[in-house]
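Q: Sharing a structure with you now.
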Amino acid sequence: MAQCARDRTMSDPQWYSTGRDHVWLPYTQMKTARPPLPVASAEGVKLRLADGRELVDGISSWWATVHGYRHPHIEEAIRRQLETLPHVMLGGLAHEQAYTLARRLAGMLPGDLDHVFFSDSGSVAVEVAMKMAAQFWLNQGHRRVKFLCFRGGYHGDTFATMSVCDPDEGMHSLFRGALLEQVVVDLPRDAEGEAALGALIEQHRGELAGIVVEPLVQGAGGMVFHDPFTLQALRRLADEHELLLIFDEIFVGLGRLGDAMFACQIAGVQPDIVTLSKALTGGNLPLAATIASGRIYDAFLSDDPMHALMHGPTYMGNALGCAAANASLDLFESEPRLEQAQAIGRGLEQALEVLRGLPGVRDVRVRGAIGVIQLDRTAPADRLSAACIDRGVWLRPFRDILYTTPPLVTGEEDLARITSAMVEAVTEWSRETHV
Ligand SMILES: *Cc1c(COP(=O)(O)O)cnc(C)c1O
């Protein structure tokens, strides 16, 4: 072990050895975690490590690099923008890329989801959605500032978004007293669930601003799927009880599900507010958007300056980010990304099926270009991850989940590499732990 660590240090680049003590990593126990892998470059679906090894990125850098790394069309758009206008504040000034992107997103989203507020991360996009919903009611003289949200949900790491995450995953008890109190329930999955939820909403009459949900797939909370019925039920309940319906499409939006660009289109449900981020720039620059319907937007139009939306991140609508996002949307138009996502889904279904029924494997499920293996206990994340790295694949298991969300441009051969790594790693683990 010590030998191993020393060998690593010898071959590590200098920036890595000298910077290591200074970078605080996400969700990482800095005392015990395996050190991260230094990456020198990336191209297509592959990461090249500093020691020369190549890994297929099976999770698209947290679900973002849908077109792979360094797509020439996006790279060219960013370079062109860099040479004309890398950034300018959106307060009082306007630029082409943000205005073009807003118009395009409004055109792509169903119905009158026409009004785009830009920010720079997914968490902030959800914060803005929550603020929009609360202020929508405040502007009309109602103090309705709480949200209905769901077990298994994940909406970000900031304080307001933690409050609408799953109570355990969102660390509600750890941060008790610091978090807003929301109404957290199970997703309604049938008529009975819908009726029960209706009764619960009635009990909170007058205090709820809206419902926040990840449509069709709850991602970071455990990769749990639900049917369009659930979203249709939420729409019915929202209408009946006058709540705003917020779809957090930060994970599933922009082609990941294959059947359409957005989950709301697949479910045939029109939300009042949608959030996007992750894949928005094709995984090249941080950018997020909160998109509201005409009814929401209109409630902010007033002669009272305090009725304006009270938000404005410094880097909102960053021109480089918007240029990358416009180029990413070009690629969705000019290349068959949705078909590719569907093909990946079929490949995942075929290849992962052998794990079903294996001792220790609780479930195998696929939706769009998302493949999930759920184990019967918390996965030994470092071990599974190392087993995949040995097979040339980058994956990052969490809790009881080993999953893949490959770039949508992943070809058959690279997909086979990902799925064989998953199958072999889990089979090995199963043999050792379930004798
Ligand atoms: C990742 C994610 C977020 C948070 O986005 P960040 O950019 O990490 O702040 C919010 N909602 C969903 C559904 C996500 O998957």
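Glycine is no exception: its Cβ is also placed from the backbone N, Cα and C atoms.
These numbers come from a predicted model, not from an experiment.
Straight from TrEMBL, here's the annotation block:
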type: BINDING; residues: Trp62, Tyr154, Lys278, Gly312, Arg396; note: substrate binding site
type: BINDING; residues: Gly122, Ser123, Asp248, Pro313, Thr314; note: pyridoxal 5'-phosphate binding site
type: MOD_RES; residues: Lys278; note: N6-(pyridoxal phosphate)lysine
Q: Which binding-site residues from the list Trp62, Gly312, Pro313, Thr314, Arg396 come close to ligand 1, meaning a Cβ under 6 Å from one of its atoms?
A: none
Q: Looking at the binding-site residues Trp62, Tyr154, Lys278, Gly312, Arg396, which ones sit with their CA no more than 10 Å from the CA of Gly122 (pyridoxal 5'-phosphate binding site)?
A: Lys278
Q: How many other Cβ atoms are found within 10 Å of the Cβ atom of Asp248 (pyridoxal 5'-phosphate binding site), counting all protein chains shown?
A: 32
Q: Might you list, by sequence position, any residue in that chain lying six or more from Pro313 (pyridoxal 5'-phosphate binding site) with a Cβ less than 8 Å away from its Cβ?
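A: Within the chain, Pro313 (pyridoxal 5'-phosphate binding site) has Cβ neighbours under 8 Å at Phe118, Ser119, Asp120, Val124.
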Q: Taking each of the binding-site residues Ser123, Thr314 in turn and counting other Cβ atoms within 10 Å of its Cβ, which one has the fewest?
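A: Counting other Cβ atoms within 10 Å of each of the binding-site residues Ser123, Thr314 gives the minimum at Thr314.
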Q: How many other Cβ atoms are found within 10 Å of the Cβ atom of Lys278 (substrate binding site), counting all protein chains shown?
A: 28
Q: Rounded to the nearest angstrom, how far is the Cα of Thr314 (pyridoxal 5'-phosphate binding site) from the Cα of Trp62 (substrate binding site)?
A: 24
